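Listed in TrEMBL:
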- B:146, B:168, B:179, B:259, B:378, B:383: substrate binding site (BINDING)
- B:179: active site, nucleophile (ACT_SITE)
């Protein structure tokens with residue numbers, strides 16, 4: 001499973017004491033080659049964590065040989081000392097592997113504003129190096145969990161090559177350009193430029209369409225590493241399709257494990273003038289606390305859907321909107337249609353379909369409901 | 001108190017059966033002159049309710065003689081039949097008063113997508129006309145309540161003239177250009193053009209700075225009526241100041257009664273490059289569910305404040321932001337400063353101060369925390 005499924009990769013997950021629970025909190029993923037192509041996308045949040053500031057420089061030349069990840073602290077808004085910790089752990093990993101620190105991506109997750117003990121982090125890196133294993137992907141996937149209740153892993157099979165992946169994320173889950181921490185690996189031969197094109201295409205329709213709670217993280221990082229160990233060069237179309245499948249699978253795992261959620265909600269916008277407008281409309285509904293609280297209460301409150309659509313700049317006629325919930329068209333031409341009582345919202349999976357009647361583009365945005373448990377988890381997180 | 005405090009106004013609030021509880025649900029405010037100047041602002045939501053579509057036409061000539069209001073149904077997304085109900089009730093009120101329907105503003109509030117019985121609404125208008133009284137303001141203020149737990153009323157004294165006001169609103173409370181239903185009255189002599197200028201100035205820094213739950217209503221209407229009955233013409237500055245005081249007072253009453261809220265939160269942004277950027281930053285924090293849930297849990301989680309600021313396009317250096325909570329600077333230069341444990345968030349009133357260090361403008365945005373009770377009320381609202 002996971003990041004060690006493709007040939008040419010080793011990984012590890014160990015407990016370094018960053019989590020007070022004693023659970024695994026440091027992960028390492030190493031590309032043993034023969035190629036070291038990579039691509040990454042990072043959070044669009046302008047307040048970026050120290051590991052993001054570091055890793056943005058690392059990925060510029062398209063070569064990455066290892067990814068170090070820790071949970072138990074986001075190393076965000078921790079100032080120059082925090083940046084030095086990121087730099088030091090990249091140096092430590094590089095020294096152990098006999099490579100340059102500038103080829104080591106660093107990712108951190110956990111509380112913002114918390115300064116991790118540098119010696120503890122460095123000791124964790126050394127322990128992870130010692131534990132590196134061709135079957136270590138599962139340990140690594142567990143070590144990056146924070147409020148996640150399950151680890152998120154994926155394997156997609158190509159023709160003689162594979163893609164593996166792991167992700168973490170359960171809150172502050174409204175990525176733009178990236179989401180949470182995600183490491184993807186492949187043994188296909190994919191030059192860095194093609195890898196970048198494929199990754200941006202894949203994240204645009206997967207992680208970028210996920211908006212669990214409207215809150216954009218400071219640490220979001222998605223990195224893909226290509227070892228070329230299979231010796232096979234897939235077509236760009238085949239590889240992009242497989243990478244999109246892997247990213248979508250991980251995004252759905254994030255959605256299903258979102259903090260406190262009772263429902264997974266897919267909001268599909270049809271007949272938009274542009275794809276961007278379809279996404280804008282979907283996201284406006286995904287960010288309506290009133291709509292999300294209604295779904296929690298199994299209430300097919302389509303009025304709140306229309307009220308959200310009305311806040312966007314998308315093209316549509318306010319008097320001619322259709323809305324379906326779980327396939328029942330409860331609103332046609334902006335007036336009541338089928339009886340909402342026939343909509344059963346008890347199952348976890350909910351679909352909302354909006355027809356803008358303004359063009360031929362479409363998009364789906366995924367979100368969760370707003371629950372007592374969400375409020376509870378996020379009011380008690382740091383205590 | 002309230003809209004009948006200034007000379008020249010009568011009002012009423014009666015039960016017409018629109019609310020299943022039997023509570024008052026129809027209000028009428030009548031300007032008896034001698035002048036009939038008016039100004040209004042309406043929701044910026046593009047999906048507007050039928051009474052808003054009607055009233056936008058009514059107010060164009062600056063003359064309004066009566067405002068009819070009902071709770072128990074928003075008359076929104078109810079199609080042509082709903083619009084005809086709005087028109088019919090304006091005609092009914094006009095016939096009773098011996099005026100033209102085009103001088104009658106109509107406001108409705110309650111569930112979206114619910115069609116009220118037209119005969120019930122018309123009978124309510126007739127009953128309200130019969131109940132009109134120079135002391136009827138309090139009844140009117142109660143008749144427009146929905147999930148409000150208390151009525152909202154205000155009186156501001158000028159030099160020989162007064163402003164009175166009433167408001168309703170407890171959810172879907174993120175007005176832009178107006179909020180919920182608000183009727184303001186004055187016996188000052190203020191020509192319609194000056195009234196419009198004063199109203200826009202007053203709402204811009206009061207209702208427009210309130211963002212309780214990020215959800216913009218379809219029915220928001222603020223109307224001010226000037227009877228001139230005092231015979232006194234205040235300076236524009238004096239009148240605008242008094243009107244701003246009345247609007248701010250009502251906005252704070254809305255804030256304090258917001259659905260399920262445990263805290264009132266004032267987010268003040270200092271040293272912004274422009275006032276608009278200060279509002280943008282304040283609103284981004286006001287819309288962070290994670291920040292709002294943290295306040296509910298009395299957790300001074302300033303990391304979530306910075307993560308929200310980072311989503312805006314305002315001018316600032318991400319490495320040089322200061323944040324105070326209840327006067328304690330928990331973050332300086334984007335790093336931890338005073339111990340957050342010294343911040344006591346138990347009192348209802350919470351202040352957040354953000355220093356952008358990028359200019360000389362400032363603004364305050366008001367919001368509430370995100371609570372179990374908010375989720376509960378809004379998941380059960382229509383059931």
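Just so you know, glycine gets a Cβ as well, placed from its N, Cα and C.
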Of B:146, B:168, B:259, B:378, chain A-adjacent binding-site residues (C-beta under 8 angstroms): B:378
Among B:146, B:378, which are binding-site residues, the residue with the most C-beta atoms within 10 angstroms of its C-beta: B:378
Residue B:146 (substrate binding site): secondary structure state under DSSP, collapsed to three categories: coil
Surrounding CB atoms that lie within 10 Å of the CB of residue B:259 (substrate binding site), all protein chains: 26
For residue B:168 (substrate binding site), the number of other Cβ atoms found within 10 Å of its own Cβ: 27
Where residue B:168 (substrate binding site) sits in the secondary structure, as DSSP reduces it to three classes: strand
Coarse DSSP state, helix versus strand versus coil, of residue B:378 (substrate binding site): helix
Collapsed DSSP category at residue B:259 (substrate binding site): coil
